[in-house]
Amino acid sequence: GVAPATDLVLGATAGCLACFLTNPLEVVKTRLQLQGELQPPGTYARPYRGVLRAAGAVCRADGLAGLQKGLPAGLLYQALMNGFRFYCYSLAEDAGWTGYAGGTVAAGAVAGAVGAVVGSPAYLVKTHLQAQTVSAMAVGHQHNHENITSAFKTIYRQHGVAGLWRGVTGAIPRVTVGSAVQLATFSSAKDWVCERQWFRRGSWAAVLAGGMVSSVAVAVAMTPFDVISTRLYNQPVDADGTGKLYRGFLDCIVQISSKEGLLGLYKGIGAVYFRLGPHTVLSLFFWDKLRNM
């Protein structure tokens, strides 16, 4: 093991490296999740259809650089969220909590919740910037920020410090569930393939195998929370910061389910997996290898 403070730096570095490579899929995922917001299926235009065609639509509307929209905010979010997430998980490991039954899941959940709270303002800005596009291809509310700096300034000026944490009620369950499933399944899968001598313990192949199994589980468990989080972060708000579309986490679930159907909670699951798959593999791979160094 390594010191928790070192894990903070390594976790932040691993998250940023993975984010740089997977941010285009995050842009596509955001657009797909906002498309047809609170509208019954089949009653709205669909400028984004599937992962590949949606990526092409982003390029046509915003140019090739459009696939890296919100990258600075995404990197900041990954540095804060993953840094503190791995730091807290490392503390739990040092304390021996992960050695108890269910300890890995509990430690991953708590670590994820802490990371979600710390990184929430960056995720808010990232979502706003990634949703922005030309009017013909726009889905969801358009906040029209110039860049990451102006976004933070505008939100703070209009709604104060509390405004920077708007939507955190959706982020906490999202990252808590995702982190618990990711860290638990990654560790278990990596140990499982090594015990059966499919791959040598500590090898890159064992790390990648653990990450691939983990990414499937995370995508299935996390997508509904991811959709809710995106909607809460991107919705327009009143002058006092109250959401105009959703009153909170539970209201968001009810409205999406009633107006878009239960499958509305799984919008963009293909993009979620294709983003989470590489991101899970890369972030955990980088983290594992950096720790060993």
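Heads up, the Cβ atoms here are built off N, Cα and C, so glycines get one too.
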Do you know which of 48-67, 108-127, 268-287 TrEMBL annotates as transmembrane segment?
268-287
Grab the same-chain neighbours of the transmembrane segment (268-287) for me: Cβ-Cβ under 8 Å, and only residues 6 or more beyond its ends, written as numbers and ranges.
10-11, 13-15, 17-19, 21-22, 25-26, 28-29, 32-33, 50-51, 54, 78, 82, 86, 182, 186, 204, 207-208, 210-212, 214-216, 218-219, 222-223, 226-227
